[in-house]
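Engineer: If you look up TrEMBL, you'll see 253, 293, 390 marked as active site, charge relay system. The disulfide bond annotation in TrEMBL covers 109-118. Annotation comment: TrEMBL describes 36-85 as domain 'Gla'. Taken from TrEMBL, the feature domain 'EGF-like' applies to 83-119. Summarising the annotation, TrEMBL assigns domain 'Peptidase S1' to 210-434.
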């Protein structure tokens, strides 16, 4: 019940009267409201909480007529008689704000926390997990888990390799070596916008794509797959990423004309050629704008894992959101051309590209950039994917594990001025079954 008092103030001989609301404690210093007893025949009216327990002296029997429950009546009576405000001592955790509602309370939680008392951490910033993070209503915190081949550490967050884990490099090699070798660094904001790079392809543009990169040493791109495509005018080839012993992720546009007969995994003496048993193109793939440019290949037999053939991890949605933020550097690899009109290379190449904002990406091209694509590149460096790299990986290292974030799809030329590469987000909800 709100109380107000008239307040009079004098100015230059004139009276101005303002009606203002004051706090209950201040109002009670001037006016004392005495709770009354029941009036004559008042009991014939239906029970009313304000009349029974605010205007009148609240009795247990009268309050019980309203709530029809002894437990609820006791709680509300205690609230009114002792002024036991549940928000008086804030029950909300982690900086939450307590608010009253219908003689109960609720908490307004800060970002990254949830639950009735804001006691449950959420998977913002991946919840501090090294690999997979999951929100759950049955736990007071996020639940971390690890990919196949890894074990969860005692701290409940770290993941350590327990075998041939996905996304790892050969034993004894630094997982960052494959990304931090000889490429020069570039500042995204230095100089004018030119020499943009790409992570994609179309048939009407140049076939996809590594320009300005360096050699990927043996065992540093163990998930890289390649396959030949026999067409009327000769042959072409595309790349892919090994995500399990039988599954390969590639670009849908690579399978539009002809399906691959086999894939090649590994390098030189450790090379494995395995037939493709079946293939699937994403049901929402659009060949006009290359939205949904993703496909799966199912192999006829298992890949034998070794230091030159290992699968790359797929991130869950929380980790994918974290890693696809602007400025994240990823590695694109392939056997594609090293310049615009050049032939494919005999050696596996790689190039390191930073993700740029969607706004900058869309401003750099007249082509449609959908929400299922991203762009990566430099403002003043001729680094790019090029012909022959289609379907290959855009891989990012996080806590010593490599994740597949994107698939090389389309671009306008190779390392052309003011042109980015657009990238297809990896579908984190791909389910694998054998």
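Every residue gets a Cβ built from N, Cα and C, even glycine.
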Engineer: In whole Å, note down how far the CA of residue 253 (active site, charge relay system) lies from the CA of residue 390 (active site, charge relay system).
Structural biologist: 8
Engineer: What are the non-local neighbours of residue 109 (disulfide bond), defined as same-chain residues 6+ apart in sequence with CB under 8 A from its CB?
Structural biologist: 92, 94, 96, 115, 118
Engineer: Would you mind checking how many other C-beta atoms are within 10 angstroms of the C-beta on residue 118 (disulfide bond)?
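Structural biologist: There are 21 such Cβ atoms around residue 118 (disulfide bond).
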Engineer: Quick one: pull the CA-CA distance for residue 293 (active site, charge relay system) versus residue 253 (active site, charge relay system), whole Å only.
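Structural biologist: So the Cα of residue 253 (active site, charge relay system) lies 6 Å away from that of residue 293 (active site, charge relay system).
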Engineer: Kindly assign residue 253 (active site, charge relay system) to one of the three DSSP-derived states: helix, strand or coil.
Structural biologist: helix
Engineer: Does DSSP give residue 293 (active site, charge relay system) helix, strand or coil?
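Structural biologist: The three-state answer is coil.
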Engineer: What average pLDDT is reported by the model for the domain 'Peptidase S1' (210-434)?
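Structural biologist: 79, rounded to a whole number.
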Engineer: Using DSSP, tally how many residues of the domain 'EGF-like' (83-119) sit in helix, strand and coil.
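Structural biologist: Tallied per class, the domain 'EGF-like' (83-119) gives 0 helix, 12 strand, 25 coil.
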